Structure formats: structure tokens, C-alpha cells
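**Student:** To start, I am sharing the structure in question, which I have written as C-alpha cells.
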Amino acid sequence: MASLGGDNSQAEGAEVRHVPVLIAEVIDALKPAPGAVIVDGTFGAGGYTRRILETGADVIAIDRDPTAIEAGRAMEKEFPGRLNLVESRFSALDEAVARMSGAGKKVDGVVLDIGVSSMQIDEAERGFSFQKDGPLDMRMSSRGSSAADAVNRLKTGDLARIFNFLGEERHAGRIARMIEKRRAAKPFTRTLDLANAIETLVGRNPKDRIHPATRVFQALRVYVNDELGELARALLAAERILKPGGRLVVVTFHSLEDRMVKRFFADRAGGSAGSRHMPETHMRLPSFTPAVKGAVGPTPEEEERNPRARSAKLRAGIRTENSPLEDDLSLFGLPKLPETNELARS
């Protein structure tokens, strides 16, 4: 269930080709056209952005990873005046649009690919992979607390909650207690050190397709980068900046994120009941209508060609003329976890 999505890279001689997941389905749902302005909130290796630019639309591409932005400069030159790269969190995509196009500017589409780029997974020094030895980092950018900070400084109960909720790890408590005992003697600093310790503790069933550390590494990455909070705020920001008729397309790679997107579109289409924050007596006009039926997955051919696409799901909505609804983060049911910015000071 690891969230290993995004652009898939393959070496072809000296050149690297990037194969984005569900690209045909994304373009079909997004419907970019010449002269349209599309926000790619998760630029990564630029796979979606390139295909959108090839339709004649202009792109504002956002990524919090400065390495991705720097790698995209060549594409910026290839499409002069039509691609604007912005180093930013995608939760602030409305601010990025205002910076590039002016306050109050609306756009024709937003696409979000909620997964880790294979470029990040494949770079051992980024610390995302339990299959390659590297520093226990996992940050999308160089700012903020690292996975090592979380593993070595969080309370055992907090670690267990993170592993359980963000990784759906059934051995969460046992792993958290093992970490507490081990770090007292020697802090965890390397990816393989943590991965091997987890494998030694819980064992490895030959029938299991995934490594025993998969869910813990996923949980730490999601926690360190506040990925669920980022997604929630990005969905609300997209609602604010889309024109009537504009399209929001979101690709997710595991169930936590997909449930959030599904809940958002259901709520914005008027499919949810009232809550204590928004009573049923309050008339709410829908801000989105469905652009696709349910969730769209990869074809068998794409799964065969790109195994990382197997867990991908696409959901999409079309912005109505009604005003954005309330920015209510409680809609997403996010857990209360320790703030990552407190770790470096603890």
C-alpha cells in the first residue's frame, strides 16, 4: 500500500524519459485547450506539465522541491512565456497564481498528483527508500524536521499513532516500543538501519508482496511533509481559484488520500449531510459537479508497463458558478498529531 506514485523515470541512453501515471485519463478529465491556464500543483519531473503544454495551454507549475524546479528550467526555455515554475507548497497554489498572474486571477484547471516522484525515491541521499541506504530524511525540501527527528524525539505513543493512522501498520505499537528502546542506546540516522530493525522485529512473510518497513516509511514521509494537511488545503485553494467550468483533477496512490478527495468532492457537490459546523438547515449551493464517474484507475496495459500505477486513482470535478464553500478542515477528518516544527526544538 506504499504511496509510490508520480512520475516514473526510465533511462534511455543519456536521456531520462518520464512517464506520468494515468496521463491519458488526466488530460481527458482536465481538457486543456490553447490559451487556457492550468496549474500543475505537483510538478515533479514535469510529465503532466509537458503534456498539458503540448495541447497549447499555459502552465503554472508548482513544487516544494528546489531540485525539481531547477530540473524544470530546460522545459521553461523550451516553452518560452508559457511555463512559469514556482517553488512553493502546493497547498498555497492560490498564492502562487496571484504572484504569477495577479490578485484575483482565476484559472481553467488544476491537476494534483499526490505521490512521491520516482526521482526522489531513487535518490538514496533523500532518505525516502528502505531499499537503499541513505540518511533518514524524507523531506520534500531541505526545510523543517526530518524523519530522523521524528523517530528519535517523538513519544512512543505518538509514533504508534503515526504508524497506525498514516501507515495503517498493524504492528504500530510493537515497532514504536522497539524504536524507543533502540534509540536510547543509539539514535536512528540511516534508512537501512531502521528498515532492518523493523524487519528483525516483525519478520518477513514470503507471501507478502511488500517489505515489513513499507508502511512505517510511508507514515513517516506523510507525517514529516504534512502530506494530508497539504492535500486538504490544496483542495480548498483550488476551489477558490478555478473559473466556473474549470476542472480539478486529483490522482492519489493510497486509501487515506483517496478518501479525502472523495469526501471533498461529495461535500462540494452537495452529497454530504450537515455537521455541527454546517447544519443541514444552512442551504449550501454546490461548488463542484462530477467530471468523471467515481474513481478512474489504470488500464491493465499501464499496470503492466508501470507497476507504480497499480494503486493510482483519479477523481475530478467541474467548478460551478456558485461561491466557494467554507474552508472547513474538519471535513477531512485529519488526526491530531504533534507539530513537526516542534521536533527540532525538543
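Each Cβ is built from the backbone N, Cα and C atoms, and glycine gets one as well.
Pasting the feature list from Swiss-Prot:
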- Gly46, Gly47, Tyr48, Asp63, Phe90, Asp113, Gln120: S-adenosyl-L-methionine binding site (BINDING)
- 270-327: region 'Disordered' (REGION)
**Student:** Could you check the binding-site residues Gly46, Gly47 and say which one's CB has the most other CB atoms within 10 Å?
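**Tutor:** By the 10 Å Cβ neighbour count, Gly46 comes out on top.
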**Student:** Would you count the other C-beta atoms found within 10 angstroms of the C-beta of Asp113 (S-adenosyl-L-methionine binding site) for me?
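**Tutor:** Other Cβ atoms found within 10 Å: 28.
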**Student:** I need the most crowded of these binding-site residues: Tyr48, Phe90. Count other C-beta atoms within 10 angstroms of each C-beta and give me the top one.
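**Tutor:** Per the Cβ count, the most surrounded site is Tyr48.
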**Student:** Under DSSP, is Asp113 (S-adenosyl-L-methionine binding site) helix, strand or coil?
**Tutor:** strand
**Student:** Through the lens of DSSP with three states only, how would you label Gly47 (S-adenosyl-L-methionine binding site)?
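**Tutor:** For Gly47 (S-adenosyl-L-methionine binding site) - judged by DSSP and reduced to three states - the answer is helix.
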**Student:** In the three-state scheme derived from DSSP, which category covers Asp63 (S-adenosyl-L-methionine binding site)?
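**Tutor:** Where Asp63 (S-adenosyl-L-methionine binding site) sits, the three-state DSSP reduction gives strand.
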